[in-house]
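Trainee: Got a structure for you, questions after.
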Amino acid sequence: MRIAILEDDREVSEEIASTLDQNGHNCTCFDRGQKLINRLKHDTFDVLLIDWNLPDFDGLRIIGWVKENVKRAPPMIVLTSRTADEDIVAALEAGADDYVIKPPLAPILLARISAVCRRTYPEPPASGVEMHGEYIFNTFSETVLLRGEAIPLTKKEFGIALILFRNIHRTLSREYLFQTLWGASPELQTRTLDAHVSKVRNKLNLRAANGYRLSPIYAFGYRLEKLI
């Protein structure tokens with residue numbers, strides 16, 4: 001999972017990031033609320049960890065901004081030293097998905113992140129077969145069928161198609177796609193990604209006639225939408 005950590009205490013944020021990185025997550029740290037807001041205008045994260053007390057913004061204001069401005073907002077977990085019942089209630093009512101007391105114990109934080117991800121992002125079926133409308137994906141053989149006909153895709157094209165279908169109606173940034181599929185930042189060249197996405201659109205015939213629309217989002221990335 002790509003996780004944004006909004007925490008102005010550098011030591012705390014680095015410790016959290018180290019723990020999460022060691023457990024397979026990819027973390028980016030922010031020490032100001034405005035920096036996170038600016039990043040979210042052109043990038044995608046799976047989970048946001050948000051400190052309540054920040055130098056420039058109240059953490060709950062950040063949650064409100066995300067709810068209002070990010071299509072399909074990711075789960076958000078509040079990090080704070082506040083332990084009063086009324087504070088926990090205020091954070092949850094503001095839109096937080098969970099609440100973790102600082103300093104967070106690694107097993108508890110990892111469990112909370114796993115829990116909000118399970119609620120937000122469905123687990124792939126154990127059979128390896130995923131049905132998305134008339135498209136049938138087999139993650140073991142990395143093949144796609146459309147109305148019973150196999151569609152030839154390269155390994156990278158299959159990965160792009162699968163992540164788009166798993167994130168229907170969610171805008172995915174180019175950096176998100178690069179890091180998830182290539183394990184690298186988009187300095188690779190956006191033309192590389194754009195060429196792959198174009199091939200996926202054409203090969204899978206992602207048109208209104210098949211019930212889907214794959215759209216480029218200016219200065220951001222791509223969004224696959226189900227039309228019917």
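Using the three backbone atoms N, Cα and C, a Cβ is placed for every residue, glycine included.
If you look up TrEMBL, you'll see 126-226 marked as DNA-binding region. Sequence annotations record features per position, and here TrEMBL assigns domain 'Response regulatory' to 2-117. If you look up TrEMBL, you'll see 126-226 marked as domain 'OmpR/PhoB-type'. Per TrEMBL, 4-aspartylphosphate is recorded for Asp51.
In the displayed structure, how are the listed features positioned relative to their neighbours?
Mentor: Here the domain 'Response regulatory' (2-117) returns a mean pLDDT of 95 for the predicted model.
Break the domain 'OmpR/PhoB-type' (126-226) down by DSSP state and the numbers are 40 helix, 30 strand, 31 coil.
Take the CB of Asp51 (4-aspartylphosphate) and look out to 10 A: across all protein chains shown you find 23 other CB atoms. In the three-state DSSP classification, Asp51 (4-aspartylphosphate) falls within a strand.
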